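Student: The structure's right below; bear with me while I get my questions together.
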Amino acid sequence: MGQQKKMEFLQKCHAGLQQPAPFSDEIEVDFSKPYVRVTMEEASRGTPCDRPVRVYADGIFDLFHCGHARALMQAKNLFPNTYLIVGVCSDELTHNFKGFTVMNENERYDAVQHCRYVDEVVRNAPWTLTPEFLAEHRIDFVAHDDIPYSSAGSDDVYKHIKEAGMFAPTQRTEGISTSDIITRIVRDYDVYARRNLQRGYTAKELNVSFINEKKYHLQERVDKVKKKVKDVEEKSKEFVQKVEEKSIDLIQKWEEKSREFIGSFLEMFGPEGALKHMLKEGKGRMLQAISPKQSPSSSPTRERSPSPSFRWPFSGKTSPPSSPANLSRHKAAAYDISEDEED
């Protein structure tokens, strides 16, 4: 039986993550069973699955933001087994005791319903918690930040809850609140007015005068021109930067190629380069080819062959080898013959 109840409780919790939290006036409560509050010690130690600690947190929850969600998360995690009930005050109470809201009560109810930490939502929650309200909703503890909340003629509306030992403090999230968000909008009113005019809202819907409407449109055009100029400047900077980077790359590549070229040139034409060795080898081969080979000293001497015999023209006789004296006589005779022919 205990295991079945545990499964039903887990199924209920799982369903709560898939659907919005129900309203309290839509839940049937069995009042025939007596309700006994748990103590802080019992709640901290952990309660049975079918008897969760019922924690109540209330608020306005206008412009529901992360500060609200964090406060409800803390309330949900106060005890190991917590059932979180959240009360949302109506427009009438809020406008009377705190001020005008941006969102109406139905929008605020719906926003709280869709927070994952909430198990139940109380609509039209009271401004001050009465014993009858606490008994009706079977509340064990009330969660809120510990800062005294002065309102409705009281220095702290949670004073009697604290005195009864039912108060469980949570921490506020600094830097975010509904008032902070409204302050941002009011401070930058012109920006948001221009934004909504640009998105199609009319000046009447924004409660903007004719003059201000024209002023906002003019400012919008000026901002567009400024944006274009800024874009051109940024693109020009990017282009110059790219050119500088490419120039640096080209210079580096040129230096590398120059070193390679100089190294190759020196290897070919340097003092000890390949060309010098090639010229030396070529010169040696040329000298070797031009100069005659020296005959060895031990080679035998050759006999000089006899001079070829001289043959006179138109003569069948071959003259003997001429001696130097005969050659002189022949020359003189040839000279006399040539003179006679001239005469």
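Placement of Cβ uses the backbone N, Cα and C atoms for every residue, glycine included.
Take a look at what TrEMBL says about it:
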- 56-184: domain 'Cytidyltransferase-like' (DOMAIN)
- 215-242: coiled coil (COILED)
- 289-343: region 'Disordered' (REGION)
- 295-315: compositional bias 'Low complexity' (COMPBIAS)
- 316-326: compositional bias 'Polar residues' (COMPBIAS)
Student: Could you please provide the mean pLDDT value for the coiled coil (215-242)?
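Tutor: So the average pLDDT across the coiled coil (215-242) works out to 83.
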Student: Under 8 Å between C-beta atoms and at least six residues away from its ends: which parts of the chain pack against the coiled coil (215-242)?
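Tutor: Contacts with the coiled coil (215-242): 190, 193-194, 197-198, 208.
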Student: Just to be sure I understand, if DSSP states are collapsed into helix, strand and coil, how many residues of the domain 'Cytidyltransferase-like' (56-184) fall in each?
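Tutor: The breakdown for the domain 'Cytidyltransferase-like' (56-184) reads 45 helix, 26 strand, 58 coil.
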